[in-house]
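**Student:** Starting off with a structure, shown below.
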Amino acid sequence: MKRELDTENSINDRIASETKVLHDRNNKIASMKMILALRSANYWREYVLTFYWLFKSFEQEIDNIRIRGEGHLREIFDAVHDPLLPRTEKIEQDLLFYYDQDKAILGSCQSAEAKAYMVHVKRIADEDPIRLLAYVSVMYLGLFAGGQIIKSKIVKQTGFYPAKHGLTHAEVLNRGTNIFRFETDDTTRLKETHRARFDRVCLQHLDETQRDKVVDEAKKIFIMNERLIGSVQVANAAVLLLRTIRVPLLLFILFILLILYHFRY
């Protein structure tokens, strides 16, 4: 599917361009964290839980605007809405699966960074709600991109999920990856439709100052996401990291010793 707007008018492309340094830094930090997180569902679920509060926060604020918002603002958020995109309920399904149907896990946020993030989202919803559009771009497009890579690694990771009585391995995978799964047979088309819709709405309904605010908020999202990722603590992380890199590290040391031996003799 071709994009409906050219690159010059695409606010998504502008966000990608102006957040590239932040995005690259996010990816490096996330890559290091994922080395440990993707060793076990018990570690991965901590990241899912942390980001659950972010999705729940901004999706609730957007729903409030769509239900009780006034005039043009409500029209804008209605125009960018796609019922296939919201993730709150999907993530809740994952968390209940990971935490053995313990609904208490959804009761209150325990992460200081996530709480601070939620306060920020609430503040902009009250004071400058147009900035919430940045989350519609950054967070959902992120799931279409990096999220699908993570899903692929989870599927391929041997022993990631413990055996669940009465469930096949395929059923276990489905129940633990709802955050990445969209109710469509064509995820690529969904992504491109979302991109084009978002670009079109921002071009037609926002003035230059408002578009600048959306891009500015997108930058803040990457900064706050970095803090959120960094705040997640995996038990025995040092031991796990050592186990993960032990073989490559030993091979590297052996390689260096062979080189030294060669030059010595």
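Just so you know, glycine gets a Cβ as well, placed from its N, Cα and C.
Note that the structure is a prediction, hence the values are computed from the model and not measured.
What TrEMBL lists as heme b binding site is His23, Arg195. The transmembrane segment feature in TrEMBL is assigned to 132-150, 245-263.
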**Student:** Would you count the other CB atoms within 10 A of the CB of His23 (heme b binding site), including those on all shown protein chains?
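**Tutor:** The Cβ of His23 (heme b binding site) has 22 Cβ neighbours within 10 Å.
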**Student:** Grab the same-chain neighbours of the transmembrane segment (132-150) for me: Cβ-Cβ under 8 Å, and only residues 6 or more beyond its ends, written as numbers and ranges.
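**Tutor:** Those are 11-12, 15, 19, 27, 30, 34, 38, 54-55, 58, 61-62, 65, 76-77, 80, 85, 87, 121, 124-125, 179-180, 187, 190-191, 194-195, 198, 202, 206, 214-215, 217-218, 220-222, in sequence order.
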**Student:** Using a 10 Å cut-off, grab the number of neighbouring Cβ atoms around the Cβ of Arg195 (heme b binding site), all chains included.
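**Tutor:** For Arg195 (heme b binding site), the 10 Å Cβ neighbour count is 22.
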